[in-house]
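Everything on this sheet refers to the single structure shown next.
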Amino acid sequence: MTISVASLGEIIWVIGIVAWYVIRYPFERRARRVRIVAGGRSSSDTVGLASALLGLAILPGFHVATGIPAAADHPASLWSVALGTIIFCSALWIFRMSHKELGRNWSITLEIRERHELVSAGPYALVRHPMYTSFLLMGLGQLFLLPNWIAGISGLIGFAVLFLLRVDKEERMMLETLGSQYRAYMERTKRIFPYLY
Ligand SMILES: C[S@@+](CC[C@H](N)C(=O)[O-])C[C@H]1O[C@@H](n2cnc3c(N)ncnc32)[C@H](O)[C@@H]1O
């Protein structure tokens, strides 16, 4: 049995998405047991999360399952699949490290947990939002893995909507909660790219 390069990219993308959920699931379960003391899901955050879900999972998943929209297909290449695999694996690694480091402070939305603490170790020593760095890399990996302009680019668009709707609000919330401790942390870190932005 031989598989095409296009199918190979799609299979790797599916494995990547399953691995993403395997990493996330235990943190979702644990988060249910830690009390929320401030914040909550706003309508703009719901739009951001829905965009990320649509662009990074639903649209590409629909394309992989049905081949639609075939008109947006472009030729697949082995170098693109290899690059996409490396980028997607890096995204999963950063995603896993950020969850591990955030631990009980993690929330899917903008919330403050009981006894919330500033996390500034591991990937958080370099950037304030490594989980968003991992979403950006996932979107980039998707672009290289799926040879379809719409399903390929949708992850980056979904990430951008979530990031732009959320990041200022998240930093404001952290400043209100942790005050000078978070301000000092902001002064020594970048947002998503170490030393750059
Ligand atoms: C989905 S997590 C994303 C965390 C971070 N923005 C990132 O990209 O890695 C969002 C929650 O993490 C918490 N959080 C964000 N940065 C944090 C930090 N440095 N220390 C502790 N909690 C943090 C906030 O309570 C926020 O509601």
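Backbone N, Cα and C define each Cβ position, glycine as well.
Summarising the annotation, TrEMBL assigns transmembrane segment to 6-27, 47-72, 78-97, 146-165.
Through the fold, the transmembrane segment (47-72) approaches residues 10, 13-14, 17, 41, 108-109, 135, 138-139, 142, 146, 148-152, 154-159, 161-163, 165-166 of its own chain, all at least 6 residues removed from its boundaries and within a Cβ separation under 8 Å.
Outside the transmembrane segment (6-27), and at least 6 residues removed from its termini, the chain residues within Cβ reach (under 8 Å) are 57, 60-61, 64, 73, 76, 80-81, 84-85, 88-89, 91-92, 95-96, 99, 102, 106, 138, 141-142, 144-147. Panel annotation: around the transmembrane segment (78-97), residues 5, 8-9, 12-13, 16, 19-20, 23-24, 122-123, 130-131, 133-138, 140-145, 147 of the same chain, lying at least six beyond its termini, place a Cβ under 8 Å from a Cβ of the stretch.
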